[in-house]
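First the structure, in the form of structure tokens, and then the observations on it.
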Amino acid sequence: MINGETRVTGIFGDPVAHTLSPAMHNAAFTALGLNFVYLPFHVRREALAAAVAGIKALGLAGVNITVPHKEAVLPLLDEVAEEARLIGAVNTVVNRGGALVGYNTDATGFLRALQEAGFDPAGRPAVVIGAGGAARAVVVALARAGVGEITIFNRTLSRAAALAELVRAEGIAAAALSWADLTGAGKKVVAQAALVVQTTSLGMHPQEEDAPPVPPEALGPGQLVVDLIYSPPETRFLRLARAAGATTQNGMAMLLHQGAAAFELWTGREAPVGVMRAALENVLRSTFEVQG
Ligand SMILES: NC(=O)c1ccc[n+]([C@@H]2O[C@H](COP(=O)([O-])OP(=O)(O)OC[C@H]3O[C@@H](n4cnc5c(N)ncnc54)[C@H](OP(=O)(O)O)[C@@H]3O)[C@@H](O)[C@H]2O)c1
């Protein structure tokens, strides 16, 4: 029950109406009997600074930060964890007695999702498709987990090159290849990868027939193929990968585990991952039923 002692958390984003996080976090608070609540806050770009000041003014326990504020929030915080600074994005803010500390739990969430799939990236070759914000969290996570090497394919080659540079600075071999290489010289690199991570928005609802131009013959048994998209639950890309014999994972696992890591930062309690997963599955199922 909400009362005078309820701790408030939430998410700042624009848009924010379709966020799945309130269902997952509120179910977790209820399951552990914690007097916390998680709310969506529609924060426009021009209101971000005031909203961040509001975390202190209103005594919120913390918030998640989503598109388009993950980068812009950094200079507004009192402290930013080293990994979040390296990624250049914050998705979780913790109010530590009036000091706002920024973290990036997308990277932790991605690694926990790999663990859930029984995959250890240490020493193994990986391919990342895309070089946007999500890809930055993925490559930093992989680099920190001691991945063997990373090849990044992106439509805008300069962004892939910048990301490869970031990985090399962490002491890991990395290369950037163009989008066209996916069907050419890069096909062999994809075929030899133990892990292939699709981080672009291609194939996301409602553009479900889009997919990156990875030839299905480059995918197969022995590979883990991850698509960070969770709506639809199986993108065309994942369907092709599964048909080719690869093990697949959609983006729900990363979403779940980044949420679990944020929950732990706010509450100091171990996240009830099973409860959070069930809440996410429930809300995703009902979204798809509504959409038909
Ligand atoms: N599961 C999770 O927890 C989680 C977390 C974060 C994000 N995501 C998902 O990850 C995806 C990307 O998010 P983001 O924040 O990284 O976005 P972003 O920063 O805008 O990056 C978008 C990426 O997609 C590429 N792209 C977009 N449209 C394309 C097209 N038509 N053809 C080829 N490439 C295209 C971009 O290439 P250019 O560089 O050439 O523009 C860039 O690499 C979204 O679907 C998001 O929902 C999932």
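Positions of Cβ are set from backbone N, Cα and C atoms, glycine also.
Automated prediction, rather than curation, is the source of TrEMBL annotations.
The structure displayed is predicted, hence computed values, not measured ones.
Per TrEMBL, the features are as follows:
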- 11-93: domain 'Shikimate dehydrogenase substrate binding N-terminal' (DOMAIN)
- T19, L20, S21, T66, N91, D106, Y230, Q258: shikimate binding site (BINDING)
- K70: active site, proton acceptor (ACT_SITE)
- E82, G130, A131, G132, G133, A134, N154, R155, T156, L157, S158, R159, L228, G251: NADP(+) binding site (BINDING)
- 123-178: domain 'Quinate/shikimate 5-dehydrogenase/glutamyl-tRNA reductase' (DOMAIN)
- 251-281: domain 'SDH C-terminal' (DOMAIN)
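Remote same-chain partners of the domain 'SDH C-terminal' (251-281), defined as residues 6 or more beyond its termini with a Cβ less than 8 Å from a stretch Cβ, comprise 7, 9, 20-21, 23-29, 31-32, 34, 36, 61-62, 64, 91-92, 94, 103, 105-106, 108-110, 112-113, 116-117, 226-230, 233. Site extent for shikimate: among the recorded binding residues T19, L20, S21, T66, N91, D106, Y230, Q258, the largest C-alpha separation is 18 Å. Note: the CA-CA distance between Y230 (shikimate binding site) and T156 (NADP(+) binding site) rounds to 24 Å. Using Cα positions, the member of the recorded positions K70, N154, T156, S158, L228 nearest to L20 (shikimate binding site) is identified as L228. T66 (shikimate binding site) sits 11 Å from G133 (NADP(+) binding site), taking the Cα positions as reference. Screening the binding-site residues S21, A131, G133, T156 for a C-beta under 6 A from any atom of ligand 1 leaves A131, G133, T156. Recorded residues N154 (NADP(+) binding site) and K70 (active site, proton acceptor) have their alpha carbons 21 Å apart, per Cα-Cα distance.
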